[in-house]
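Trainee: There's a structure below that I have some questions on.
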Amino acid sequence: MGENASGLAIETSGLVKVFGETRAVDGVDLAVPAGTVYGVLGPNGAGKTTTVKMLATLLRPDGGRARVFGHDVLHEADAVRARVSLTGQYASVDEDLTGAENLVLLGRLLGHRKPAARRRAEQLLEAFGLAEAAGKQVKNYSGGMRRRIDIAASILNTPDLLFLDEPTTGLDPRSRNQVWDIVRAVVARGTTVLLTTQYLDEADQLASRIAVIDHGKVIAEGTKGELKASVGAGAVHLRLRDADRRPEAERLLARVLGARVQLDPDPVALTARVGLHGDGAGAAEQASRALAELARSGITVDTFSLGQPSLDEVFLALTDRPADRTGAPANEEEEIPA
Amino acid sequence: MSTATTRGQRTGETGETGEQAPAAADALAGLLVSGERPPRPSAWAASAAFGWRAVLKIKHVPEQLFDVTVFPIMMVLMFTYLFGGALAGSTDQYVQFLLPGILVMNIVMITMYTGVAVNIDIAKGVFDRFRTLPIWRPSAMVGYLLGDMLRYTIACAVMLALGLVLGFRPAGGVTGVVAGVALLIVFAFAFSWIWTMFGLMLRTEKSVMGVSMMVIFPLTFLSNVFVDPATMPGWLQAFVNNSPVTHLASAVRGLMAGDWPATEIAWSLGWGAALVAVFGTATMRLYNRK
């Protein structure tokens with residue numbers, strides 16, 4: 001059927017979901033090209049999970065439209081279900097069952113006969129490094145193992161669209177890297193992935209386009225490059241030996257980096273975004289230039305680090321307030337008048 | 001092509017990507033490619049898979065069989081010796097009358113655990129996955145009830161065995177007893193849809209329990225399970241004689257005694273069909289909206 005001429009895996013317009021008084025999702029427009037990883041970035045309670053649930057046919061939208069591969073999520077729910085899989089931030093396997101039983105159950109529900117389901121389960125457990133834990137109840141799995149069995153369940157039949165709802169929240173770095181590897185393998189095969197995350201780093205690693213969502217609204221959308229151009233590729237954190245030299249260092253950095261410099265609560269610390277301006281220099285190059293300038297002026301730097309901007313910094317850049325509203329009052333005093 | 005790189009990676013075991021990376025990328029890539037899609041399972045196949053899940057849960061948590069073993073034994077003993085002498089002159093006599101009835105009462109009572117199980121289960125993430133599968137929608141609920149039918153069968157077997165020890169001698173023989181149990185289990189399947197509905201509707205398992213008690217106690221006690229309704233006041237007889245539990249108890253009693261109580265069987269099955277039509281529909285409506 002010639003549905004989906006647009007080449008979009010997901011297409012929503014004015015998507016709304018209301019819970020009581022709160023508009024959890026408040027007019028979300030998304031256009032996710034097929035075959036890509038699309039990141040949805042936002043803090044807790046931004047409406048990411050609610051959006052995913054509507055797209056996965058678990059929640060009825062209260063307004064707007066959503067199509068998955070050209071199928072309306074409300075009126076053609078079964079056609080959507082046949083092509084998507086969902087991995088939530090919660091365990092979406094049965095904790096009372098063993099890993100193997102879970103996969104065999106799902107295999108059967110997806111139409112495999114029992115021997116075929118069993119074979120597929122074995123292969124998946126092997127590939128996900130869970131062969132030894134196959135006979136253990138999932139409730140005894142570690143966080144990383146749980147997430148892996150969960151993703152294994154989602155790709156039992158390779159889906160055309162995979163929803164990954166905060167797949168690495170609460171995982172240690174090693175498990176997180178494993179999950180990332182799996183996601184890359186799935187995408188390489190041609191599956192479209194909608195990834196929600198609280199970590200800019202994760203979106204940066206995996207996604208090609210990113211939507212930043214807050215209070216149920218998309219506040220920024222674009223390719224990674226576009227988003228970074230508005231936020232800055234990274235942030236330099238500096239700690240000086242002498243607190244008295246901080247105002248001087250601040251002026252110097254502002255001049256060299258051409259960016260707003262933030263004075264941290266710690267009287268010797270400053271933070272500045274780098275990579276904001278397209279003069280061709282990378283973030284690291286800009287930072288080292290700044291360091292050299294500081295050294296030339298005789299300002300001693302005790303420690304220095306260059307990192308990805310955090311979600312908080314992204315929000316600060318996009319909305320002029322941090323993502324976490326409870327942290328706002330403390331920061332306000334430190335804000336520099338421009 | 002991907003197969004070529006796969007082979008290359010496997011032979012060149014450099015291990016630089018971490019030798020124990022669990023999701024061996026090459027193995028995974030192979031799996032993803034070979035993932036051909038089988039046809040959508042039939043309604044029965046999907047329900048049977050969910051039934052299998054229920055049986056696995058019993059296997060992993062065998063304690064949950066308490067309510068279909070210890071509880072029925074307690075009920076049979078309690079009521080046989082409590083009422084036996086007073087109502088029928090001897091416990092031997094009374095157990096002939098009581099056993100089919102208490103079978104019905106017990107099974108109807110333990111149907112309420114279905115609601116509790118649904119209520120606990122539905123809150124877990126696994127239901128989100130089930131609900132995103134392209135399968136016959138009621139299959140998850142039907143699967144529960146299939147698992148429960150196994151539980152009901154166990155309970156019936158336990159009570160019948162105890163009854164035989166206490167002197168129950170059904171004139172209908174094996175055929176009559178099996179027919180009686182079959183009718184009872186079919187009815188219990190239909191009756192359980194009340195609880196799947198409440199399981200989905202109410203917020204906590206405690207409230208499910210509370211509502212179940214309120215329905216089940218009057219419904220089972222106000223019946224002909226313990227005594228002949230002839231001595232009851234007229235208004236109560238009107239209720240008791242039209243209660244599905246009374247019809248069912250009469251039918252099971254008749255079948256086990258070797259009769260063919262066609263009218264009572266028809267009433268029991270008719271009630272069953274009505275219960276599925278009303279509460280099955282309500283359950284699915286709630287299930288889809290959750």
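Counting starts with 1 at the first residue shown.
The backbone N, Cα and C atoms fix where each Cβ goes, and this holds for glycine too.
TrEMBL entries are annotated by machine, without manual review.
Under the heading domain 'ABC transmembrane type-2', TrEMBL lists B:63-290. Among the features that TrEMBL reports, region 'Disordered' is placed at B:1-20. If you look up TrEMBL, you'll see B:65-88, B:94-120, B:141-168, B:174-195, B:207-227, B:265-287 marked as transmembrane segment.
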Trainee: May I ask you to check whether the transmembrane segment (B:265-287) and the transmembrane segment (B:174-195) make contact, with contact taken as at least three Cβ pairs under 8 Å and only pairs 6 or more apart in sequence counted?
Mentor: yes
Trainee: I'm a bit unsure how to read this: which one of B:65-88, B:94-120, B:207-227 has the highest number of Cβ pairs shorter than 8 Å with the transmembrane segment (B:141-168)?
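Mentor: Ranked by Cβ pairs under 8 Å, first place goes to B:94-120.
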Trainee: Out of B:65-88, B:94-120, B:174-195, which stretch touches the transmembrane segment (B:207-227) the most, going by CB pairs under 8 Å?
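Mentor: Checked against B:65-88, B:94-120, B:174-195; highest Cβ contact count belongs to B:94-120.
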